[in-house]
Ligand code: PBG
């Protein structure tokens, strides 16, 4: 006797009944790039279908998000001015702060998450304060905390530090609490790898390091036990949600984190993952819709709850079609 697995694959209804993993539009977080200037909606060449928006045109994307049911946004700012200490990042009139206020004005129920990092704001492109070509961890923490507080002041619901400095969650939690933002949550880029999959993003955000690389602070792609230590520390320091980034090449990390920890897990389906699917589809090699949905489903199956993806809006439309 052998088991007839195919019985449960006979038709759509039974396949639906036994399906273990579903994508929901509420799982998606949409990364959005905001620039200074006016009347700008410019396609990002490295991330087809995604745009740089100036503040005065944000209503277009906010309306679109509402229309497709994506209710959560992760904001990145591209400032006009960069300096050694990334002062644009904690300016109360900085690009992200203005964008947060605008989005909350346009749609008070939009859940606004801000990426907290210095690389888009520093002239050297590193994620912290640099001395002798080395990013100073503890000095950077003071800046990171200051940036987080200024985002919270502008109205951010959640802070997402992506710098990979040690002790940043504790520094941010303390600073938020001291400034009256006890209810602003933290999603930590806990296991953020030093990945070549960020290429298209660095073009979109103009944040490539001007010398060296990020190996001194981001994680070695070869390590998984180290990721568990990073996650454990972030939970201890007060992270509400932990993240594994990138997504698809690190499904094992997501799974292990899911098995070990009970905090919600997010994953970032990064720019390179998106761009690969786009490019292959364009070359006529794959079916974009099926591959994209399969990729996103695999992230949930591995154990992620939330998915930060450039496919958010498109996937929301596809999911709606399927119904
Ligand atoms: C750093 C940051 C990066 C990404 C998100 N936040 C780039 C980096 O670490 O170099 C990458 C996201 C993507 O590739 O989609 N602020």
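Numbering starts at 1 and runs along the chain as it is shown here.
Cβ atoms are placed via backbone N, Cα and C, with glycine included.
Just so you know, TrEMBL annotations never went through curation; they're auto-generated.
The following features are taken from TrEMBL:
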ACT_SITE  192  active site, schiff-base intermediate with substrate
ACT_SITE  245  active site, schiff-base intermediate with substrate
BINDING   117, 119, 127  Zn(2+) binding site
BINDING   202, 214  5-aminolevulinate 1 binding site
BINDING   230  Mg(2+) binding site
BINDING   271, 310  5-aminolevulinate 2 binding site
**C-alpha spacing of residue 192 (active site, schiff-base intermediate with substrate) relative to residue 230 (Mg(2+) binding site), in angstrom** = 9
**Prompt:** Should any of the binding-site residues 202, 271, 310 have a Cα within 10 Å of the Cα of residue 127 (Zn(2+) binding site), which are they?
**Reply:** none
**Request:** Please list, in sequence order, those binding-site residues from 119, 271, 310 with the Cβ less than 6 Å from ligand 1.
**Result:** 119, 271
**Fill in**
Excluding 117, 119, 127 themselves, the Zn(2+) site's Cβ centre has within 8 Å the residues 118, 120, 122, 126, 128, 162, 163, 207
**Message:** Can you give me the Cα-Cα distance between residue 271 (5-aminolevulinate 2 binding site) and residue 202 (5-aminolevulinate 1 binding site) in Å, rounded to a whole number?
**Reply:** 9
**Asked** Counting distance between Cα atoms, which of the recorded positions 117, 119, 192 is nearest residue 202 (5-aminolevulinate 1 binding site)?
**Response** 119
**Request:** Spatially speaking, which of the recorded positions 192, 214, 245, 310 is closest to residue 119 (Zn(2+) binding site)? Use C-alpha to C-alpha, please.
**Result:** 214
**Complete:** If you count the other CB atoms within 10 A of the CB of residue 230 (Mg(2+) binding site), including all protein chains displayed, you should get 21
**Message:** Give me the long-range Cβ neighbours of residue 117 (Zn(2+) binding site): same chain, 6+ apart, Cβ under 8 Å, in sequence order.
**Reply:** 89, 127, 161, 162, 163
**Item:** Number of Cβ atoms other than its own within 10 Å, given for residue 245 (active site, schiff-base intermediate with substrate)
**Value:** 23
**Request:** Pull out the recorded positions from the set 214, 245, 310 whose C-alpha sits within 10 Å of the C-alpha of residue 192 (active site, schiff-base intermediate with substrate).
**Result:** 245
**Asked** Here are the binding-site residues: 119, 127. Which has the lowest count of other Cβ atoms within 10 Å?
**Response** 119
**Message:** On the three-state reduction of DSSP, what should I expect for residue 119 (Zn(2+) binding site)?
**Reply:** coil
